[in-house]
Ligand SMILES: O=C(CO)COP(=O)(O)O
């Protein structure tokens, strides 16, 4: 599965801890991230991630483009709802594209955990069938 991992600054520690906790799962996936999120995760796990630009410099838009070309299956995006982001339009555009293309999106660790457990039990195979 092609999975994008993104976290705003205040949520980066939580993302790192989440990827450590589920490293066994993420090792089996094809991972993408925005620049700084990926750098942090790779520094603290053994995961291999293809890093795009940093979010405020176009990384969110790059991941949005991957959604449009059917190159992302799932997004885990730990958003910070308490801090204004200079690139809020990019964030909104990314979330919008998830709905346009019906891409599963977790914006917090509780939802992300449920999605991962669901994938592990085979509930997400419908995406593979849709692509056939
Ligand atoms: O800003 C982000 C998402 O909107 C994340 O970008 P970084 O991973 O580069 O910090």
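For all residues, glycine too, the Cβ spot is worked out from N, Cα and C.
TrEMBL labels come from automatic prediction, so no person has curated them.
For reference, TrEMBL has these:
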{"type": "ACT_SITE", "residues": "60", "note": "active site, proton donor/acceptor"}
{"type": "BINDING", "residues": "8, 12, 34, 35, 36, 37, 54, 55, 87", "note": "substrate binding site"}
{"type": "DOMAIN", "residues": "1-132", "note": "domain 'MGS-like'"}
Entry from the binding-site residues list 8, 87 having the most other CB atoms no farther than 10 A: 8
Neighbourhood of residue 60 (active site, proton donor/acceptor), C-beta criterion under 8 angstroms, separation at least six: 6, 34, 87, 90, 91, 93, 94
Binding-site residues compared (34, 54) - the one with the fewest other Cβ atoms within 10 Å: 54
Mean of pLDDT values spanning the domain 'MGS-like' (1-132): 95
Cβ neighbour count within 10 Å of residue 36 (substrate binding site): 20
Shell of the substrate site beyond 8, 12, 34, 35, 36, 37, 54, 55, 87, same chain only (C-beta within 8 angstroms of their C-beta centre): 6, 7, 9, 33, 56, 59
DSSP state at residue 54 (substrate binding site), helix/strand/coil: coil
Residue 34 (substrate binding site) - helix vs strand vs coil (DSSP): coil
Largest separation between Cα atoms (Å) of residues that the record links to substrate, namely 8, 12, 34, 35, 36, 37, 54, 55, 87: 17
DSSP-derived class (H/G/I helix, E/B strand, else coil) of residue 8 (substrate binding site): coil
